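Here is what Swiss-Prot records for this protein:
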type     : residues                                             : note
ACT_SITE : Lys73                                                : active site, proton donor
BINDING  : Asp22, Lys44, 71-80, Thr131, Arg192, Gln201, 221-222 : substrate binding site
Amino acid sequence: MTLTASSSSRAVTNSPVVVALDYHNRDAAMAFVDKIDPRDCRLKVGKEMFTLFGPQFVRELQQRGFDIFLDLKFHDIPNTAAHAVAAAADLGVWMVNVHASGGARMMTAAREALVPFGKDAPLLIAVTVLTSMEASDLADLGVTLSPADYAERLAALTQKCGLDGVVCSAQEAVRFKQVFGQEFKLVTPGIRPQGSDAGDQRRIMTPEQALAAGVDYMVIGRPVTQSVDPAQTLKAINASLQRSA
């Protein structure tokens, strides 16, 4: 498996690493970003930072050369979700996501909203089962399937609706590649280099394990953002992935 990522012509990196920016303070976030190279990773902006700092924050990251995964997990009626996804495309992000549990009509509407953007459209990914959830959490919601089985059901629906791939745990990646094919992109949080604390992610893997499992894009947060030397940490991760490829 190569490290070449399939994305739009805007992409400046072939690294599968996506760094999760989880900061409460804008200046701290920018201080971190200015230490790293857009050739070594992409950046993920989630609900907290987008709510705090808005679209302009995303534009500033893009001006520094970074591809952005806008991780807002849209989940609404089809028309609203479609407009939200189109707004993300207008912002020029590299990837955007929705909740697969929003259903087929919602996901189809979101996909159709990106058609006018052509090759400049962001990758559209669906969230299956959050990596923090265990079987007991699903049971509380009335879902009797295991996290893996439920994620596979939602992934199948996602592919049927024509989306580019899913967010899933690394443990599901091997089977998903077998079932859904190589072109169906797998985006995986809960990736932590050897020796890192597991944090609040229940189902985790190292970057090397994730690559071997078939993960296309791996989200890494605190092991990079809290590193004394984040630029070197990223280079070490990428070098390790190149050796493992």
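Placement of Cβ uses the backbone N, Cα and C atoms for every residue, glycine included.
When the neighbouring Cβ atoms lying within 10 Å are counted for each of the binding-site residues (Pro78, Gly221), the highest count belongs to Gly221. Following the DSSP three-state reduction, the secondary structure of Asp22 (substrate binding site) is coil. On its own chain, His75 (substrate binding site) has Ala81, Val98, His99, Ser101, Gly102, Met106 as residues at least 6 apart in sequence with a Cβ closer than 8 Å to its own Cβ. According to DSSP, Leu72 (substrate binding site) sits within a strand segment.
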